[in-house]
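Annotated repeat 'WD' per TrEMBL: 132-176, 177-213, 230-261, 272-313, 314-355, 356-397, in sequence order. The domain 'U3 small nucleolar RNA-associated protein 13 C-terminal' annotation in TrEMBL covers 410-446.
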Amino acid sequence: MIPLVNLWNLREYGSKITVPTYEALEGVCKSSDVTVSSDEEDLKRGFTAVVMLPADQGLLCVTADQQFLYYSLTEHPEGCLKLILSKRFVGYNEEIADMKFLGDEEQFLAVATSVEHVRVYDLASMSCSYVLAGHTVIVLCLDTCVTRSGRTRIATGSKDNSVRLWDSESKSCIGVGIGHTGAIGAIAFSKSKRNFFVSGSSDRTLKVWSLDSLADDAEEASNLKAKAVVAAHDKDINSLAVAPNDSLVCSGSQDRTACLWPLPDLVFLVALKGHKRGIWSVEFSPVDQCVITASGDKTIKIWAISDGSCLKTFEGHTSSVTRASFITRGTQFVSCGGDGLVKLWTVKTNECIATYDQHEDKIWALAIGRKTEMLATGGTDAVINLWHDSTASEKDEAFRKEEEGVLKGQELENAVSNADYTKAVQIAFELRRPHKLLELFGDISRRDMLKVRLRKLFMLLAKRNIIYFWNTFENGIQSQSSAILLNLCFFGFSTCFLQKRLSRYEALENSLKVLSHIVRGISVG
């Protein structure tokens with residue numbers, strides 16, 4: 001029997017070549033010569049290293065785009081072994097262009113990066129569950145929805161001038177829409193009927209794509225048909241949003257305007273004019289008849305749908321605002337931008353109530369979890385940050401502290417009643433009640449051995465590190481208890497830290513002596 005070496009194509013799982021070695025082999029080393037190149041983008045994909053795992057566990061492959069792919073060996077009924085991709089570990093996301101939560105329970109996150117495929121992450125482990133491959137150039141935008149039959153769909157737009165529809169269960173492309181003459185920069189699903197989606201392109205047109213002809217169990221890609229087309233803007237279209245009742249679609253463009261179009265005919269309704277630079281984001285309010293827009297002029301505006309008038313303007317970002325989305329039933333909204341900041345705003349008061357700085361560069365993507373109340377942000381720094389709404393937990397914490405304060409207050413009154421002044425003063429310090437402390441020291445001052453009691457009390461509190469200093473005046477004259485307490489504080493402070501301060505003074509004095517000696521030497525010279 002002649003020993004052989006087989007070279008396998010890991011994309012097609014087939015043998016490419018068989019080489020007889022005529023000698024026994026103990027191992028095989030794989031060189032980094034398997035790549036797939038694209039002349040247009042000058043990108044390199046493929047494996048840079050392959051390691052065979054012990055005990056026939058499979059292969060661990062390293063790709064040129066910094067991923068670990070684990071292939072397991074599976075025996076098929078035909079009696080042959082096949083390599084099946086079991087796990088994928090992404091080391092680097094590249095620049096994140098868009099992202100949306102996926103599924104009815106929002107357990108997954110679909111992410112579009114600076115590559116031609118879409119990665120879907122499992123939020124529980126943040127591992128890449130699968131990849132949607134089909135576009136030939138970078139994916140710029142995506143949107144997700146759950147159909148009335150319960151199927152989860154993903155719509156993507158790319159620089160290859162096409163839109164694609166994906167089924168998350170089969171992980172396959174079930175529809176391709178061709179017709180745009182420029183890159184697809186925005187895409188949005190129907191919110192109510194969920195039987196169409198709208199795309200916007202750098203060719204300045206809007207298209208409405210019908211999904212009525214697609215079967216729920218479709219597994220093969222079919223051609224999507226555009227049932228409405230309109231030349232919408234004078235420059236690239238950056239963002240789209242469909243109204244909650246599917247009656248309108250709003251488009252935001254680099255021409256500094258946002259426009260409202262009735263569906264499904266796309267007849268012009270009204271233009272929202274007022275921004276000084278291009279509009280990066282548009283969204284309908286979930287409850288009110290208004291639209292929110294985010295612009296490169298560093299502002300966010302809310303507009304009335306009825307007449308296109310500007311209702312509110314929000315300022316606070318120091319760079320372009322790239323995304324703005326309503327939360328908490330339209331009473332608040334979240335914004336992010338080129339300054340790398342995430343801001344939380346209250347609509348009623350026009351106030352920014354919180355600012356978060358967790359990105360090192362521009363934020364391009366913002367996803368809102370409607371059921372999980374979770375936010376996801378991503379951008380140029382290739383980092384995905386997940387944000388949880390802590391309002392409920394903060395309220396619980398405030399209630400817990402209030403309850404503890406009530407119990408401590410009762411414990412304080414009990415200590416005063418029992419003349420346990422040491423415990424009473426300690427609790428008053430913890431609760432930060434200076435007036436109560438004044439009363440306690442006043443009671444102590446009317447008893448015998450005042451200074452002895454206060455000195456013992458102060459030393460006890462100093463050891464427990466709960467001393468706070470304050471000045472208290474009564475009728476413009478410092479009270480006796482305050483004067484005694486301050487006096488003891490200073491003496492206690494000196495007693496506790498005298499040795500440390502003296503050592504520092506001695507070191508400083510020695511340094512001054514050396515400096516004086518040097519100065520005298522220079523003067524004599």
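Cβ atoms here come from the backbone N, Cα and C positions, even for glycine.
Automatic prediction, not curation, is the source of TrEMBL annotations.
For the repeat 'WD' (356-397), DSSP puts the residue distribution at 7 helix, 19 strand, 16 coil. Packing against the repeat 'WD' (356-397) from elsewhere in the chain are residues 92-101, 104-106, 109, 111-113, 121, 123, 126, 319, 322-323, 325, 327, 334, 336-338, 340-344: each is 6 or more residues past its ends and has a CB under 8 Å from a CB in it. Here the repeat 'WD' (230-261) has Cβ contacts under 8 Å with residues 182, 185-193, 198-202, 204-206, 208, 267-273, 275-284, 286, 291, 293, 295, 303, 305, 308 of the same chain, all six or more residues outside its ends.
Residue counts of the domain 'U3 small nucleolar RNA-associated protein 13 C-terminal' (410-446) by helix, strand and coil are 31 helix, 0 strand, 6 coil (DSSP-based). Mean pLDDT for the repeat 'WD' (272-313) in this predicted model: 96. Under DSSP, residues within the repeat 'WD' (314-355) fall into helix, strand and coil as 3 helix, 26 strand, 13 coil.
In terms of DSSP secondary structure, the repeat 'WD' (272-313) contains 0 helix, 24 strand, 18 coil. Taken through DSSP, the repeat 'WD' (177-213) splits into 0 helix, 20 strand, 17 coil.
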